[in-house]
Amino acid sequence: MTLTETSLSHNAEEGKDEGGRLQQYKNLTKHEELRRRRTECSVEIRKQKGADMMMKRRNIVDVDEGGNSESELEEPEKISHQQSSTRLSNDEIRAILSNNPSEDDMVRCFESLRKSLSKTKNPPIDEVIHCGLLQALVQALSVENERVQYEAAWALTNIVSGSTEQTIAAVEAGVTIPLIHLSVHQSAQISEQALWAVANIAGDSSQLRDYVIKCHGVEALMHLMEKVDQLGDSHVRTIAWAFSNMCRHKNPHAPLEVLRVLSKGLVKLVQHTDRQVRQDACWAVSYLTDGPDEQIELARESGVLPHVVAFFKEAENLVAPALRTLGNVATGNDSLTQAVIDLGSLDEILPLMEKTRSSSIVKECCWLVSNIIAGTQKQIQAVLDANLLPVLINVLKSGDHKCQFEASWALSNLAQGGTNRQVVAMLEDNVVPALCQALLQTNTDMLNNTLETLYTLMLTVQNGYPHKVDILHDQVEENGGLDSLERLQESQSEQIYTQAYRIITQFFTDDDAGEKESHENADPQDNKWSF
């Protein structure tokens, strides 16, 4: 059985266990809904990080000018102080390596191979694989010559930065274990380059990540963490990025005990002086918390979350993973949601939303707040006390459509879970114009949220605050809400039609009470004439 077949079989069993665990949640509906939306929301925020957090990275060098690589590896004079000018073809490399090559011959061959694989466009990865040079590269990793090892590790880094098929070909050729061994090499340059390749393998898929774990990749990472203070920034960036790839993939997640070990290393990385290290480490924490409660709990137990909240005051490339992390934590049980509040995160949201120009940051802020509002009434009150309700209403009214969508969820969660007093706070903060404007949207989920919020608000006012009924009705009519409700009765969506019909018949008919009750009890799809 191949590596791929074995891993896929194992993952299928893990998926069954994951489904079983979901049924153990105290509030299953809340968890399933929030986690579904967490998956949907993750795409936009990941666009923001762009190339900074690609699953794979190539070590590219200008092969025509012989410049330095992207990685800016340390101590280049110790290993790469010579640059051969002659480029060898794959056939020439095969011929030299097949004829009892000297170490100088090997250096020349693997340097040439590395240069060809470092081309910015269309590196010849398939050609190298098909001509049988993968095995030569694997063997080179064990040659007692640091220059040979380094050039081979660099070439392999770029091979495993390719497609899944190319990466699997390298793994099945046996690259993983020797690369992991070299990742703890005494030479920092070799160590970093080998770890870079290992991180590319782990970043490909959950199957290959699990294979790296099986080959003791986590132990190698934690060994490096023991001396992280002695390593250069470039090396630590590679370590942090490797952590993120080890935490990244789902279906299945990495084993809980592995994530527990990694979480301890992340505490140190998020406090590093280098911003790129902190950024990659925080993305790793966001992946760690993108799972069931026991996984989120690891982040809380490790002590990493207070450092994540502190990122709210830093540059937006740190704010983005911090918001994603805390939003993930808030999808957990009420205790985990409370942990987000206790960290003081709500106090940071308002100034963050006021100063940012990024719609992605605003959207993530709304998503985080909506997850907290989906908690207890005490937690809803914490959001109101932080003066975030007017901000949500303003986003619903004037934000871009993705931000409006998240704000509509937040207000819908408030309407469904808040006390009467908390629900009426929306009216006092002038929510009606924003709701009426949202009724003009075409997104079905957003319309459903808005109609549900408006209905609950009107019902709450009618039952508990009768002196505000006329004010509320007038505001709905003056802002075009009644016209929109009448139009939505023609919607192709049965749910939207039913909700619009319910609001009109219950709150905007002038018939006597008996006739009103008759309408309420009638099937909204029953259009028969009655006399």
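Just so it is clear, glycine is given a Cβ too, placed from its N, Cα and C backbone atoms.
Record features, source Swiss-Prot:
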| type | residues | note |
| --- | --- | --- |
| REGION | 1-88 | region 'Disordered' |
| COMPBIAS | 1-10 | compositional bias 'Polar residues' |
| DOMAIN | 5-67 | domain 'IBB' |
| COMPBIAS | 11-20 | compositional bias 'Basic and acidic residues' |
| COMPBIAS | 29-50 | compositional bias 'Basic and acidic residues' |
| REPEAT | 122-161 | repeat 'ARM 1' |
| REPEAT | 164-203 | repeat 'ARM 2' |
| REPEAT | 250-290 | repeat 'ARM 3' |
| REPEAT | 293-331 | repeat 'ARM 4' |
| REPEAT | 334-374 | repeat 'ARM 5' |
| REPEAT | 377-416 | repeat 'ARM 6' |
| REPEAT | 420-459 | repeat 'ARM 7' |
| REGION | 511-531 | region 'Disordered' |
| COMPBIAS | 515-531 | compositional bias 'Basic and acidic residues' |
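Across the residues of the repeat 'ARM 2' (164-203), the predicted structure has a mean pLDDT of 98. Non-local neighbours of the repeat 'ARM 1' (122-161) in the same chain are 56-60, 69, 78-80, 82, 90-91, 93-94, 97, 103, 106-107, 109-111, 113-114, 116, 167, 169-171, 173-175, 178-179, 181-182, 185, 187, 189-190, 193-194, 196-197, 200-201, 204; each lies 6+ residues outside the stretch with a CB under 8 Å from one of its CB atoms. Counted with DSSP, the repeat 'ARM 2' (164-203) comes out as 32 helix, 0 strand, 8 coil.
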